[in-house]
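For reference, the structure discussed in these notes is given below.
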Amino acid sequence: MRILGIDPGLTRCGVGVVDVYADRSARLVDVQVVRTSPTAELHHRLLAVGDGIEELVERHRPSVVAIERVFAQDNLSTVMGVAQITGVALVGAARRGLDVALHTPSEVKAAVTGYGQADKKQVATMVARILGLDELPTPADASDALALAICAGWRAGMSRAGIAGTPTPTARATGADAASGAGPTAAQAAWLAAERAQRGRR
């Protein structure tokens, strides 16, 4: 499964493309950070980020788009920018008929590190290890986008294997994946526990 992860931001938007396989291994395809000037007009900035995402979607043809879910922040201008870019990304995915996976930062951290409160360096370190990279992906927007893609791929894979229950819209069953029978990694098991705990608080 090829997944395009988006760490939404108006000044810097991380976009990472990852192939995730039935055995839960993952391979880096591409990663970029789309940047806009804070002094540019808002509509031009939104267009620039949208065009950057669209270019990578066109080039790599993902089957799923994974986006960080907007959550409350004290900085209103920051959360507004994140929400605006999230909207741009969602519209682009809908136009192409792509599945969308939304994950909170704590879900992503738990998926790749086993700890929902991991810091940026811990996330980048685990992303590099999972993808077999010689160096940590930088800046943080890039590693966060890759972590989102990995999280979405592992969740879809676990849903297919019946580990996480009912498949989500991002999980389209294939016989090869269902037959693999591989259990979750330690990080995946921790993510599942975090997800169940979150559901219990709803």
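Including glycine, each Cβ sits where the backbone N, Cα and C put it.
Pulled from Swiss-Prot, these are the features on record:
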- D7: active site (ACT_SITE)
- D7, D141: Mg(2+) 1 binding site (BINDING)
- E68: active site (ACT_SITE)
- E68: Mg(2+) 2 binding site (BINDING)
- D141: active site (ACT_SITE)
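Secondary structure from DSSP puts E68 (active site) in a beta strand. Around the Cβ of D141 (Mg(2+) 1 binding site), 25 further Cβ atoms fall within 10 Å across all displayed protein chains.
DSSP classifies D7 (active site) as strand under the three-state reduction.
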